[in-house]
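TrEMBL lists 23-211 with the feature domain 'Mediator complex subunit MED14 N-terminal'. The domain 'Mediator of RNA polymerase II transcription subunit 14 RM2' annotation in TrEMBL covers 288-343. What TrEMBL records for 358-465 is domain 'Mediator of RNA polymerase II transcription subunit 14 RM3'. Annotation comment: TrEMBL describes 595-614, 959-1100 as region 'Disordered'. Residues or ranges marked as domain 'Mediator of RNA polymerase II transcription subunit 14 RM5' in TrEMBL: 654-742. Annotation comment: TrEMBL describes 783-844 as domain 'Mediator of RNA polymerase II transcription subunit 14 RM6'. The compositional bias 'Pro residues' annotation in TrEMBL covers 965-974, 1060-1070. Marked as compositional bias 'Low complexity' by TrEMBL: 1027-1043, 1084-1094. According to TrEMBL, the feature domain 'Mediator of RNA polymerase II transcription subunit 14 RM8' maps to 1145-1221. Annotated domain 'Mediator of RNA polymerase II transcription subunit 14 C-terminal' per TrEMBL: 1239-1367, in sequence order.
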Amino acid sequence: MVPVAIEGCTQGAEGGGARVGSISLAMLIDFIVQRTYDELTVLAELLPRKTDMERKIEIYKFSARTRQLFVRLLALVKWASSATKVDRSAHIMAFLDKQAMLFIETADVLARVARETLVHARLPTFHMAAAVEVLTLGTYSRLPAVIRERLVPPPSLTAGERRSTLRALAHIVRQRLTTASLPSDVRNLKVENGRATFTVGQDFSVSLTVMGDAPNLPWRLLDIAILIQDNETGEGKPLVHSSQLAWLRGVAQARLAAAGLSGALTSLRFFCRSLSLELLYTQTLRLCRDRLSRHLQVDKYIPGQKLQVSYWKELGCELGYRLVIGAEADQLCVWHVPALAGGERVATALTPHAPSMERLLAHTVHQRSRQRLNDLKVLLNDMGVECSVGGWPCVLACSVVSPCLRAEQLLVSVGAHGGRLRARVPAYPATPRMPDLAAALARSDLNQIKLHLTHLRFWLVARRCEKTLQHLPASVCEHLPFLHGPDHPLNQLSSDRLYVTLHRHTDHILIVEMKEVAAGSTATTSNSSNSGSACSVALSFHLAGARRCTPEECEEETPSPANNNQPPPTAARAFLKLHSLVELDTFTLTHGPFTPLDTPGMQPGKRKLSSPNARSVRVRQPAYFLPELAHVVAAADERVPFVNLAQELSSRGVSHGGVQGEWSGSALGMRLVSLPLPEGASVAAGSALRARLLATTVRLTTKNQARVWTAEIVFHGSPLRTPNPKEQGERRCVYLQYELGTDAGRTAEAFLADWAAIVHLHTLLHDFMLRPAQERESLWQGVFIRSYTYRSLVVGFGAGTRATAVLQWSAAAQRYTVATPAHQPAANAHHLLHHHLDQYINTHKDLMSLGVVLRETYAPLLALSRLPTLPQLGLHHVRTQMPTPTFTLLAHSWRKIRVIYAGAYSIEVGIRGGGIVTIRDGSYSKFDRAPIVDEFAPAQGLKTFLSRYVDDSLSARLVAEDDNPPSPMSPMPPGGLRFPAPLTPPQPHTPHSAPVTPHPASPAHQMGGGSFNLTSPPGGGGGGVGASPASPMAPSPHAAPAASPHPPPTSPFTAWPASPSLPRPSPGHHPSPRHHIDHKGPQASSSTSSRSGGRAWGGGAATPLAVSKLEALCTPCEPPPGAPPGPALAPLQRFLACVYMKRTLQRFVNVEEFVNLTLVSVDATSLTFRSDAAGLCARVALHPQHMQSLHLHLTPLPESKEIWSPDDLQVIEKFFEVRVAIAPYRPTALQGWVRWWGAPAAALTSLVAVMRAELAPQVPALWALQWALRIPPAAPPIVPAGQPAVLLAKNKILFFICLTRMDTQLVLPLVYDMQLNVTQLADKQNAQPHLIAVSLHLKRFNEFNQSHSECTLWPAVRDLVTNFTLPAEAGAAPPPP
């Protein structure tokens, strides 16, 4: 059964091709996108005209329609992923349908043949005879005979027959050639295969044969080959066309029949000769057309006979230069007009088989050029110029200078096209005047030729000069803008000269004068063996000094008529003014000591001398190198700086021995014979230094690829022996280096300044060495000179002599400088006294006293340097956000240091020497202790605190001093105070104080029995005391005899100790603490604000301390017993911090609002106030033993004894000691604690409970509690960080607590409302998760605790500590920095 297609399914094409009605998926997507875009375009045009509702409807319809369309497309795309299976099935169905159709068509055809065709089919009758003949014999013989006659070819010759026939024919051809007369130029005769082939000359070749063996049969021409070729312009094509060859073959065959073989060959020769002449003519025309139209011309051309060509038409010769090519006998010949020597060589260039006009012209021009150059060679040889002719093209090489490199030779050639002479120098393509020289050679003008050759010699020598100096710091130029008159010596020199500018010395110019040497005379050239030749050039050298100037400056100096044609004043060009011109003796420069020409065995460029027995080998130098010029330039470059420096030194009184060669000529040096004594220097010290001076030499050396002056000053040993191992020899060298500039005067000044520094520094050491040895050893115990290099003096002192001070003389400031480099254990302890030490040494100029000062001040300064100086935030009670230095050290003199703490307290430290210092309160004036210096407040209790550190031997001196102020009613004795001289060491004298004569003759000053009024400094400023071995007045028991009451004059502590003009520091950036003390309320009867005009406090008097005690005061250590634990701080810092906190507490008690505290009493070490609302009386006092901590003592008022229990009072006291008055001693924390007193009585117990919980944490607590007295940085931004963390209002209290658990810390601002008795979170707007959780927790606590009888502050805090948990989804707050 035939398969039937499914309804609606279109069958595919043959072979399973694409079905009808299918479409590509990409095209379908394209159609959909275009349709969507078209609809959008239509909507964009139509929607603006419709109403809003209609637009919405249309947009909705479009969206729904488009969405449905793209949903269908999406389904189609998903289906297309499995479409391969469907396509494969469709191909199978199509193949089966095709096979079924073939079966149906085959059956139909077979049925039609069987029914219609085979019915009438019949077989014909067979031809039996033909069939039998074909089957039996394999052929058929009954065909017609005409077929054999017309169509079947006759049988061909066999191979043997053909060979025999050709051999016979070749024999006949040889016999005919033997009997025939052949031309002499027949070559390559060959008989083969019955034909004769031979070549006639180089023109053509022919092939002949005969048609029979009869002797009178003519030759038969088989082939003709023309051998003439056009290799240059023929482009590979044959010169004779095939039709022309056929015609030529007919003509030659006719001549063979008529005139025989000779006649045919003659006609072929004539044809080839005419062809060659025509080819030359064609090539000539092409050359004229393409390249040589200006130089080549065809004069006459007769086809087959003659060709006349003219060349070098531009020369204008009478006869002209012609080339004639014509026939002579049976070949072409060449004639030259004018006659050419060597013309037979040109004829060989005309080859018959390949004639070339260009090659013929080239050979002709070469021979013609050689003839002309030989004529010039004879002319130049007569002028003494060595010449040679050679090369292709022909070149005349002339050696203009001698010796001459090949690249420097003058090459003269003849132009191949125009015939003109050309001159050039290969090494210098841009050689000037070459066209003029070529023209002179062409005219044979002897005068012009000599002139141009001379100029060329000078020009080549100038180029040699440039090459010689290319590696030297110099440049060659031919012209410079000089300003000089017509009678200047420069005009007397030759006009052919060069100017060599020295790069390192722009104020000097080397002038090289060139002169041509006549035959027979000597010349200074690069090769002395060629002296006397006509090609030699003599060089002479002149050194000129010049400076830059303008025409106006030149006219002002030396008016000259030569300035008439100078440029206008507005011209910016710089000119040179020559002020000196000196001719140099070349022989002296090149034949002096250590030169290669004068030293046997020394080779140029090498400093090593060969052995005397070795054979001297002369090194051959290139011709372009001029050794004399290089030597002169190098000598000028080396010696000009020395000349300038020598002139400057001579003008300043320095004698020298001139420039001399050193170290086998490897360097130059200038010996200085005498050096002047600097102004203000000691004559004796200068003479002693000159006695040690061995030599002074100035040299030029190289440093970091730059040339510098190096002055070497050699001394014999040193005035004293130092422990430095580098300073132990008997030869001590000092090296000074200066930049090599154009100003030699500056270098001379710098050298003399350094010499003056050496002299002044040696003066100190010379005066020191003049002291007796016993005096030096006694006063300089612990001090010694570590190094002395004549330029610097290093003094060692201190523990282990690790501290150093470097003394030098500053030439710029004309004074001594003292540098104190950093050392261990302290970094530059004397840096504070840097300027004072400079002033001291420049005032006294005494090295011994400076050493004593350094030794005595080192230990106190080292102790003071241990005090912290870093700025701290919140250290000041007003400027909490501004960093305040902890300690500030100010040096009033080298023995008086002011120590300022927090900009509030000033302590004056005086250095007495002998291991003793004095300390006094710097807030009091030294002259009148009744007023207080405005910048500072008195440090109450300072005297008592310092008494803890006074030695037993000095404790008796403090009995009369007291820290409490005197009674206001104490009368001052009339006539001033009278008291015996104190036993405290005297204060040092400073350079800033007025000198006061100590009156050594007065016994009252010596024994302490004198009296002084208030104009004399009290305390440490009394009269002098007798010198004792332990007193700083006599630093050593060996300094002076025992009977002398005064130390030696070299001690810096001998001056009157109470100089009245000591200036005080002015730290303007520290406001006075007194400006912030605003007393409020009733004052105590013993208020410290009122001070009497009689005696001052004990702190105003100087307290003597040993340096070891000062170091203990300033060295950080652990808190003493009885003080709360804390970081390691200096005892002085703890004391001043406690005093500052006590003073700040007094201010807070007076000025705080909502606190209502009453100040009861204030003394030097304690402060007492009371609070009626709290029912307590508080006393804050320093620790009575060490005075380095503050302690609180509470006493209930009589009416409040039942309210406060001893445990509560102990908690408050301990909280104050542990959490308030501790390091880092922030006044804001104290202010927060003071505000606690302003809380109502009901809230006070809750706050005490908070203190108790912080000091003794509860065991079942989730969080560790801490009451923040200062705003921590991690707190919510309610109050700036660092401010007091307790704020009081009329009915509310804001305070901060910190809850800590492991690494999590929460800072919570809590507000207690007194009226509502509610404790809640202050910052409710903060969206931090933990604050929200705390707020909700407190809200629930307030809902379940509605009791108004008990204060909810502590219960709320306790509930947070024990029950609060962070939400699971919220992260912990970051810990505070």
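Keep in mind that glycine also has a Cβ here, set from the backbone N, Cα and C atoms.
Contact counts against the domain 'Mediator of RNA polymerase II transcription subunit 14 RM2' (288-343), taken as Cβ pairs under 8 Å, peak for 358-465 among the stretches 23-211, 358-465, 654-742, 783-844, 1145-1221.
Model confidence over the domain 'Mediator of RNA polymerase II transcription subunit 14 RM8' (1145-1221) stands at 90, taken as the mean pLDDT rounded to a whole number. DSSP assignment over the domain 'Mediator of RNA polymerase II transcription subunit 14 RM8' (1145-1221) gives 25 helix, 26 strand, 26 coil. Taking DSSP states H, G and I as helix and E and B as strand, the domain 'Mediator of RNA polymerase II transcription subunit 14 RM2' (288-343) has 7 helix, 28 strand, 21 coil. Across the range of the domain 'Mediator of RNA polymerase II transcription subunit 14 RM3' (358-465), the DSSP-based residue counts are 58 helix, 21 strand, 29 coil.
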